Ligand SMILES: Cc1cc2nc3c(=O)[nH]c(=O)nc-3n(C[C@H](O)[C@H](O)[C@H](O)COP(=O)(O)OP(=O)(O)OC[C@H]3O[C@@H](n4cnc5c(N)ncnc54)[C@H](O)[C@@H]3O)c2cc1C
């Protein structure tokens, strides 16, 4: 038995060794985590961070694994998966909800509807945890996490637990201060508005149904691979080609899928990874795909789109190597 494992096991009851991360990602891709621990509450996360620091082990925080491509070799050090535990929601005065970062975003949405509170309906069907969504300022259907957040509790570089106001979170398109600095979010509070339970439920259902219809949910994936393209970044000679594709989400963009379709890459396949025929900004795992297959497809898309349109597509999914 190695010494680090003994210390970790003592400090983090339930810790496991060599856990396949493909079983913890929506892509169903990824090799083993050297050490793997499920953190169900703030104190679990705190202990995990402290012990990783003490042992100078690399530490990686996992949420729902829905925005990650994990390498085939897996991850050295300690992977901490934040997952929902008991009593992780609180209804606060002023139509506010506070939740632990490890709860799934869909549970936060469901809880808000149960309390007849509106503001998160856009997130219906969006996978992952509350914390993961805050870190990446997740968004869909014109809504974003930043629209409802009033405060976030996170550990900073000095391992101090701090409260951040919405402005201090420095939210931007698919980003936040937590993403920039690599800080771990522990909990957050959203401010919502009183609404009609039935109507709120129906909007959430319509979002879920839209995803079922338009997205290739029948295959494992990590959602959209590339960020949508800011209209300002489209070279003048191609602006007219994509004029009727412009959407406001939340600023004028052209969905990345249109450039992939235009480049003739829909359906392209490397190994068991394929650019979805249903939604060209998705790469799907047809069964047993390797991270290397996905990386090669990503490179193919970047190179072809750059050559054809002069646009550098930016990756939305994170590669964990
Ligand atoms: C089918 C499908 C559809 C999707 N649709 C959308 C969409 O419409 N809009 C959208 O924005 N995204 C979408 N996504 C992407 C993904 O669901 C979001 O990015 C989600 O918010 C990621 O959360 P997660 O908990 O799964 O994070 P993970 O994938 O586990 O982690 C992503 C990053 O967040 C970090 N992280 C996780 N939890 C914390 C925490 N508590 N504190 C600090 N850092 C943390 C991780 O370290 C990692 O760097 C989709 C994904 C899939 C599979």
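A Cβ is built for glycine as well, from the same backbone N, Cα and C atoms used for every other residue.
TrEMBL annotations:
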DOMAIN    28-195  domain 'FAD-binding PCMH-type'
ACT_SITE  174  active site
ACT_SITE  224  active site, proton donor
ACT_SITE  316  active site
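TrEMBL feature annotations superimposed on the structure.
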residue	record	DSSP class
174	active site	coil
224	active site, proton donor	strand
316	active site	coil
Given residue 224 (active site, proton donor) and residue 174 (active site), what distance in Å do their CA atoms have, once rounded to a whole number? 12
Give the sequence-ordered list of residues that share a chain with residue 174 (active site), lie 6 or more positions from it, and have CB atoms under 8 Å from its CB. 136, 137, 138, 139, 227, 316
Looking only at the domain 'FAD-binding PCMH-type' (28-195), mean pLDDT returns 95
Let me make sure I understand the structure: which of the active-site residues listed (224, 316) has the fewest other Cβ atoms within 10 A of its Cβ? 316
